[in-house]
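Encoded as structure tokens, the structure appears first; notes follow it.
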Amino acid sequence: MSHLQARFPDLDLEQVRLGTGPTPVTRLPRLGVPGIDDAEVWVKDESRYGDGAWGGNKVRKLEWIIPEARRRHVRTLFTVGGIGTHWGLACARYGADHGLRTVLGLVDQPVDDHVREQLARLEASGADLHRFATARRLRIAAPWLMVRHARGGRLPWYLPAGGSNAFGALGYVEAALELADQVQRGELPEPATVVVPIGSGGTAAGLVLGLRLAGLRSRVLGVVVNDAFPLDAPVIARLATRTADLLARRGATGLPAISVDDLTTRADWLGETYGDPTPASRRMVEAGTRVGLLVEPVYTGKALAAIADLADRLPGPVLWLATHGPR
């Protein structure tokens, strides 16, 4: 039984288990990076989550999206992302395990070895891939793709980038409740700040709602890594509120109100555009590799770079959510 279902016994939402929790929490090893080594930084290692062919934060989102797809009698999922999308790969692989076909609209992004490897995985995933030079071209083509991939008279269920709708955000409401249990058991102190990369907003929104629901005082710092659409605090707070509204419609009670004061978002570590590795994020990949951490330069590396730069100003203890999950 999920933490949400235990808290709300009448909740009319299903979860399909795709991973094994709780994910471990440990002190961040010394990285040899000024600032961050002197701060109290903990890691919740979400790379461990996922029992199938991919791991990380996207898997928790799919645990709530897949049962809802069944409830809607959906046969096909249509979603979007860059050509190196982790979300798209997780959706294709776990969706196929549960009888769902995935259609991906992919937008070009800066290419490095990591993106090339990820695109090769996507091509081997069994998903139907449609590649576009710009997000604008994908938006224009999306209605045609929906119609083209209808099956049995049913259109695909459109899922936004990153799986960041209210159902996907439930995955990180659940993860926040899991974290609260770990704090209560003494596995780590209550974090003052939880740092997470924001590529589409669902992970951050779920965390904000879940932390408030759990009664933790932790504030979320979202490190924005995507400039394709707005991802400021009001946007994330609205998604958290829509997630609370979903829970309320399905039987939950006593849900907290969410405001923009519950989180901070900053885009200082973005670089030129989405998917652009920066010198700081590359340094974090190198430092993480030396101590056995799974860090890549687009999401997790930028979140770590933010912690390093802000180490003497962030309220601590700090918890870094390590969301990268290759297999």
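Heads up, the Cβ atoms here are built off N, Cα and C, so glycines get one too.
The domain 'Tryptophan synthase beta chain-like PALP' feature in TrEMBL is assigned to 17-317.
In the three-state DSSP scheme, K58 (N6-(pyridoxal phosphate)lysine) falls into the helix class. Within the same chain, residues at least 6 positions away in sequence whose Cβ sits under 8 Å from that of K58 (N6-(pyridoxal phosphate)lysine) are H86, W87, A90, C91, G162, G163, G325. The N6-(pyridoxal phosphate)lysine feature in TrEMBL is assigned to K58.
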Integer mean pLDDT for the domain 'Tryptophan synthase beta chain-like PALP' (17-317): 96
